[in-house]
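**Q** Feature table excerpt (Swiss-Prot):
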BINDING   His78, Asp139, Asp196  Zn(2+) 1 binding site
ACT_SITE  Asp80  active site
BINDING   Asp139, Glu174, His378  Zn(2+) 2 binding site
ACT_SITE  Glu173  active site, proton acceptor
Amino acid sequence: MRQALLTRFLRYIKIDTQSKASNTRSPSSDSQLEFAVILKQELEQLGFERVELSHLGYLTASVPKTVDGVPCIGFIAHLDTAPDFCGANITPQIIENYDGEDILLGDSDLLSTEQFPSLLNYVGQTLITTDGTTLLGGDDKAGIAEIITALAHLIEHPEIPHGEIRLCFTPDEEIGRGAGHFDVPGFGAQWAYTIDGGELGELEYENFNAATAVIRAKGNNCHPGTAYGVMVNAQTMAARFHAKMPLQDTPEGSKDYDGFFHLVNMQGQTEEAELTYLIRDFDIDIFEQRKRWLTERVNSYNADLVVGSLEIEITDSYFNMKEQIIPHPHVVDIAKEAITSQGITPLVKPIRGGTDGARLSYMALPCPNIFTGGHNFHGKHEYICVESMEKAAGVILAICSLTCEKYLNR
């Protein structure tokens, strides 16, 4: 499977499929649909059944069951890559038998073991890195390659017992819309796994509760030469508001189960300005407290103003999937056993973000997240270990087999 997996991955990352948050249609970029068409043709050639591509960019397919009495399960990955950094003209570097030293990325950057000590876990293995000018696209082209390679193996070996296996490749996960048009009843799986995690062994079934707060400052513009006592600069209002936000309650000041406020965008002019904050926390009660606290800060700020005002609008994005996974412990237990079967210790950790699986779990499709083998997603220091990708494909196969064993032996 190694060569097929590597060939697929290197072919997929050459296709720029960055999503575009400014575009409200689905998919948000034409390239995602073009990539889905390519994958559809590949799945048909490999012998997958019920291969369907919706006009909204959702590609689904099936591996038919070889035995009866086993639940239908699914595997999910996303077509888009992050818009955070350049995703076009990707030129990967393949480092075989990695020696544990710093890796030069092209001519101008470095993947250093001091900054990224996880590199030392892969001495003697094969790494794929960027050339320092783009992201790599392992999030989530690696997941797509691993799912197709693993399930193609099942098609090639019909003697392996398993129930029906479904796959779905979704658009626009990176901009929070991946589950927006997901047809859960049509998908037909009792549970599923996103193959969208990071380092070897990761298994995630907790994620942030997430909301976005948009704070709009309303000022008063006039000619600066006659501004005395008249002008109210909305940008100054916004800057002063942010200056009093807690300094350590940020992404760079938090870890593990800490939540945060993240100023992700600020823009404006004298008349109007806008601050956009991401609100994140694992604990639903603290999450709600954060939203109330930010609203109260805006109200308090307004109370001290003579002219001008702030307005706040908060929109929930997704919630912690743990609440929906706990009632279905077998979904996690099978994944843990599958990871262990590949000689890996499961690395159970919370997702300091979200996945399609978080929203799908609230749509009656329990959906934990499993590793792809990649590190440092969304930037030029992204890299992935080929051996870890092989292990991910092995975990997918093991999940299919273990599900079959557990239900046939009841």
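Note that Cβ sites are derived from N, Cα and C of the backbone, with glycine treated the same way.
Looking at the shown structure, can you explain where the listed features end up?
**A** A simple way to gauge crowding: the CB of Asp196 (Zn(2+) 1 binding site) has 29 other CB atoms within 10 angstroms, across all the protein chains here.
Cβ neighbours within 10 Å of Asp80 (active site), excluding its own Cβ and spanning all shown chains: 30. DSSP assigns Asp80 (active site) to coil in the three-state reduction, outside any helix or strand.
Non-local neighbourhood of Glu174 (Zn(2+) 2 binding site): Gln18, Ser19, His78, Asp80, Thr81, Ala82, Pro83, Asp139, each in the same chain, at least six residues away, with C-beta under 8 Å from its C-beta.
Glu173 (active site, proton acceptor) is surrounded by 28 other CB atoms, counting those within 10 A of its CB over all protein chains shown.
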**Q** Between His378 (Zn(2+) 2 binding site) and Asp196 (Zn(2+) 1 binding site), what C-alpha distance do you get in Å?
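**A** Roughly 13 Å, rounded to the nearest whole number.
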**Q** Neighbours of the Zn(2+) 2 site Asp139, Glu174, His378: Cβ within 8 Å of the Cβ centroid, same chain, sequence order.
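**A** Other same-chain residues near the Zn(2+) 2 site: Thr81, Ala82, Asp84, Leu135, Asp140, Phe377.
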**Q** Whole-number Å only: compute the distance from the Cα of Asp196 (Zn(2+) 1 binding site) to the Cα of Glu173 (active site, proton acceptor).
**A** 10
**Q** Beyond the listed site residues His78, Asp139, Asp196, identify every same-chain residue whose Cβ lies within 8 Å of the center of their Cβ atoms for the Zn(2+) 1 site.
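**A** Along the chain, the qualifying residues are Ala77, Asp140, Gly143, Glu173, Glu174, Thr194, Ile195, Thr355, Thr372.
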**Q** In DSSP terms, helix, strand or coil for His378 (Zn(2+) 2 binding site)?
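**A** Once the DSSP labels are grouped into three classes, His378 (Zn(2+) 2 binding site) ends up as coil.
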